[in-house]
Amino acid sequence: MKTKFIFITGGVLSSLGKGLAAASIGALLKARGMTATIQKLDPYINVDPGTMNPFQHGEVYVTDDGAETDLDLGHYERYLDVSLSQKNNMTSGRVYHNVITKERRGDYLGGTVQVIPHITDEIKNAVMNVPNGEDVALIEIGGTVGDIEGLPFLEAIRQLRSELGSENVLYIHLTLVPYLAAAGEVKTKPTQHSVKELRSIGIHPDIILCRSEVDLDEDIKRKIALFCDVDRDAVFTAVDVKSIYQLPLSFYNEGLDQKIAIMLKLPAKNCNLESWRKLNHTLENPTGETTIGIVGKYVDLKEAYKSLHEALIHGGVANEVKVNLRYVNSEEITPENVKEKLAGCDGVLVPGGFGNRGVEGKITAIQYARENKVPFFGICLGMQCAVIEYARNVMGLKGANSEEFNPEGDDNVIYLMKEWYDYRTKKTENRCEESDKGGTMRLGAYPCKVVEGTKAMAAYGKTEIQERHRHRYEFNKEKFADQLVEAGLVLSGLSPDEALVEIVEVADHPWFLGCQFHPEFKSNPMHAHPLFRDFIKASCENKNK
């Protein structure tokens, strides 16, 4: 069967949930026995989000091949249970970079390079490069209809319908239908104007997905269908839900997957959603609960820790407990108030990050967790801070620090990696202080050897694993490993050549583990990551002791 394309646009305002809608539709199609792939087109000019402020963009999601991508790719991977790559996220910056590179190379034979056809052709090439024999390709266009940056992308997908045939392309438009509590009614005018804007570009949506606080009644759906020139049965409610994992079931109950199958002439198959029903039953009927303190500096924007948040929820599902998340600003933690700040936390997690702001608060929180036998999980910078804390307070190296925060220090147990072996390219990578910031870290999936008899081994159940990385600083193994091991630190995960330390533990602690990689990027609701599963288990045991 020829690949069918579903393009998902958004109107009225941003952050409506296009990514979750696309992921949920993909999950429904897979539940019907289809194969599916998915892509995010981002109109911003950045080549990728790797150097963007988390407060502006949210989390940077890393794929196996080392691509720094939009956080929506995390939703895609979790819902579709697939591994994506660089080709699944394309930005305006990358599009223009590719076109300019071709122009400099002479590929356009001296022609005038223009938005149409050169930019739009590059976008179309990116879209057509996504499917690899899958039945369906879902393409989400970031931003909002009407944004000037998004116009080339909308023009490109308009052209694709003519080129691929209307029977192979479906347009879904997600829009807002606000509910006015004071009047007790919903308003359709924003949706009408959004569709009008989209149609003025030449795109006539086939399905309208209406985000709303309340279920839309038949009269409202009929009105939207009339004014937006779509079939009545092509208007669906995307009602707010308590858990994002209810969305596939909500869309199924609306009949969205059935309508898509009819419009694209997909094979009629039953939709097996048993795993999603079981997941939601566990979320709604926990046997207990636990509270995790997340100590970071981006706590005012939860999107900065999106995959982390979800991975902790997955760990709760695996243990059939509700996970309450308490975000604690590391800049506000001091030795005097740390007990108060972390009171009631059954486990403490310090996530990744960059820069020295709030680092001492993280180290203080780690010391509290270690000394009071509170389960601790450190990720990336969190592991580095754990090593610094252990070196200072157990090994007695009071000046222990990171080269990132104290470049001239003599006791930097964490240092800038200037050389490492890339197992994918079979080449040695080299970096220095003057290297560009963008795309120069140790990125993507790397192998790791897990040491037997450790908590890491108990979690994974195997000695060889692959995990995703995003860092440029590393444990200074050559200079400090022997001293730290003698002081009781366990190096429980190493790179295959044993040059890099990937996991550390404290042996005389119920559960104290730090990892240099980002395990949250390989967790999904049906299969919690082993480390998150065991961290939540240890936190529950701490609560119940």
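Note that Cβ sites are derived from N, Cα and C of the backbone, with glycine treated the same way.
Swiss-Prot has this to say about the protein:
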ACT_SITE  CYS380  active site, nucleophile
ACT_SITE  HIS518  active site
ACT_SITE  GLU520  active site
BINDING   SER15, LEU16, GLY17, LYS18, GLY19, LEU20, ASP72  ATP binding site
BINDING   ASP72, GLU140  Mg(2+) binding site
DOMAIN    291-545  domain 'Glutamine amidotransferase type-1'
REGION    1-266  region 'Amidoligase domain'
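Overlay of Swiss-Prot feature records on the structure.
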| residue | record | DSSP (3 states) |
| --- | --- | --- |
| SER15 | ATP binding site | coil |
| ASP72 | ATP binding site | helix |
| GLU140 | Mg(2+) binding site | strand |
| CYS380 | active site, nucleophile | coil |
| HIS518 | active site | coil |
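In terms of C-alpha distance, the listed recorded positions GLU140, CYS380, HIS518, GLU520 place GLU140 closest to GLY17 (ATP binding site).
In this structure the C-alpha atoms belonging to LEU20 (ATP binding site) and CYS380 (active site, nucleophile) are separated by 27 Å.
Site extent for ATP: among the recorded binding residues SER15, LEU16, GLY17, LYS18, GLY19, LEU20, ASP72, the largest C-alpha separation is 12 Å. GLU140 (Mg(2+) binding site) sits 7 Å from GLY19 (ATP binding site), taking the Cα positions as reference. Within the set of binding-site residues LEU16, LYS18, GLY19, ASP72, the entry lying nearest in space to HIS518 (active site) is ASP72 (CA atoms). Listed in chain order, the extra residues whose Cβ falls within 8 Å of the Cβ center of the ATP site residues SER15, LEU16, GLY17, LYS18, GLY19, LEU20, ASP72 are GLY10, ALA21, ALA22, HIS75, GLU140, LEU174.
For the pair ASP72 (ATP binding site) and GLU520 (active site), the Cα-Cα distance reads 14 Å. A distance of 24 Å separates the Cα atom of LEU16 (ATP binding site) from that of GLU520 (active site).
The two recorded residues, SER15 (ATP binding site) and GLU520 (active site), have Cα atoms 22 Å apart. Long-range Cβ proximity for GLU520 (active site), meaning a same-chain Cβ under 8 A and a gap of 6 or more residues, is found for SER307, LEU308, GLU310, ALA311, ILE379, HIS529, PHE532. Rounded to the nearest whole angstrom, the C-alpha distance between CYS380 (active site, nucleophile) and GLY19 (ATP binding site) is 26. Taking a C-beta cut-off of under 8 Å and a sequence gap of six or more, LYS18 (ATP binding site) has these contacts in its own chain: ILE8, THR9, GLY10, ASP72, GLU140, ILE141, GLY142, LEU174. Within the same chain, residues at least six positions away from GLY19 (ATP binding site) with a Cβ under 8 Å of its Cβ are LYS40, ASP70, LEU71, ASP72, HIS75, TYR76, GLU140.
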